[in-house]
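So the structure is just underneath, and the comments pick up after that.
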Amino acid sequence: MSSLLSFSVALGVALAIGLERERSQAATTSELPAGIRTFAIAGLAGAIAASLPVPLAVPAVLLGVAALATLGYHHSAQLDPGITTELALVATALLGAYAVSAPEMAAALGTVLLVLLYAKTALHRFARVTLTQRELADLLTLAVAALLVWPAIPDRNLGPLQAWNPHTLWLLVLLIMVTGNVGHFAARWLGERLGLPLAGLFSGFASSVATVGAMATRVRTHRCARGPAVAGALLSNVATLMQMALIVAAIDAGLLRTLAPPLVAGAATTAACAAVSILRKETSVPASGHEATASSIDWRIAVGFGIWTAALLLAVAAARAWFGPAALIALALAGALVDVHATTASIATQVAGGALIRSSAGMLVMLALTANTASKIVAAWGGGSGFARPTAAGLLLALAAGWAAFLMMA
């Protein structure tokens with residue numbers, strides 16, 4: 001049965017890729033160097049070679065397919081100088097061989113290859129027309145910061161009182177930059193009115209404080225309407241409340257019964273305020289191409305946020321060293337200034353372990369949410385009073401609704 005599955009995957013992937021190659025040339029009179037039958041044969045040849053007890057069978061088949069692809073390119077180069085079909089033929093033979101040992105992975109990789117071949121026009125348009133030189137530079141900068149710098153940073157506590165984990169601090173800087181990129185592309189491709197709120201909602205699951213800071217930066221550095229940016233900042237708070245509910249539900253379902261009313265009330269109020277910001281009519285001056293050429297990464301804001309977080313962590317470590325266990329509640333609230341999710345998880349874990357009763361835990365979570373809201377309001381002032389006032393109003397209304405629901409249920 002396993003052999004039948006492997007050969008079926010090899011043949012299916014090869015037929016699909018060959019069919020796409022045939023269709024890609026349907027409107028032309030030129031003859032492809034390889035069509036649906038050639039691809040099917042190459043896939044089966046790779047599978048047969050991999051199933052034979054001959055060590056060099058697969059390399060021999062790959063060399064043969066590569067030689068035939070080279071010969072085909074020699075005859076068709078004047079009509080089509082591209083080598084995509086030839087490379088796809090060799091890859092199909094390799095996928096056929098891979099299907100013998102890992103049919104599921106071979107099918108997945110074959111699907112990826114098929115999508116890449118089919119999306120030629122869209123990919124070329126994105127690379128040559130849609131993506132600007134500045135955006136490419138920003139993406140490369142982000143890739144270096146995330147893939148080269150971040151893994152090289154020590155993942156242990158360093159500095160005075162062992163207060164800083166450079167790995168975690170750089171992650172916060174990355175979140176600011178990623179959020180800025182997400183908001184930039186969402187606004188360009190979906191429009192500000194829809195793109196910024198969606199970007200805020202999804203980025204809020206990573207860090208709502210970082211999202212508010214990124215939206216504030218966007219309002220200050222880009223000539224854009226404030227309403228959608230305010231909505232994005234507020235919807236990031238909805239993501240925070242949703243994530244808090246999920247964390248509590250996963251750790252202690254009983255505590256969720258205490259916190260569900262305030263979390264739902266806060267989320268509903270925040271969403272209503274965000275909707276008002278989206279629907280509110282306001283005049284915005286067109287950017288005259290500024291949106292496409294402006295950088296989506298503001299290093300000053302991102303690094304500044306990291307420095308502010310480092311200072312807060314140092315204060316927390318000093319309080320722990322000087323005041324001991326009596327400062328645990330204050331430490332939890334101070335930690336919530338940056339990340340309310342970790343504080344919520346810590347409190348829920350203590351409830352699950354029997355170290356804290358649910359009523360006290362609910363009060364602590366609400367206090368942590370209050371501290372986190374204050375942190376977001378401070379971050380919002382980076383966008384000026386025109387952005388900070390409606391953002392702060394929405395956050396405070398949501399917090400008030402949450403407290404009202406909590407006190408009513410107490």
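Every residue gets a Cβ built from N, Cα and C, even glycine.
Annotated domain 'MgtC/SapB/SrpB/YhiD N-terminal' per TrEMBL: 9-125, in sequence order. For 175-381, the entry in TrEMBL reads domain 'DUF4010'. TrEMBL lists 40-71, 135-153, 168-187, 194-217, 229-251, 299-319, 326-349, 355-375, 387-409 with the feature transmembrane segment.
Taking residue pairs at least 6 apart in sequence, the transmembrane segment (135-153) and the transmembrane segment (229-251) share fewer than three C-beta contacts under 8 angstroms. Distant neighbours of the transmembrane segment (387-409): 212, 215-216, 219-220, 226, 229-230, 233-234, 237, 258-259, 261-270, 273-274, 277, 362, 366, 369-370, 373, 376-377, 380-381; these residues of the same chain sit at least 6 beyond its ends, with a Cβ under 8 Å from one of its Cβ atoms.
Break the domain 'MgtC/SapB/SrpB/YhiD N-terminal' (9-125) down by DSSP state and the numbers are 92 helix, 0 strand, 25 coil. Confidence across the domain 'DUF4010' (175-381), taken as the mean pLDDT and rounded to a whole number, stands at 79.
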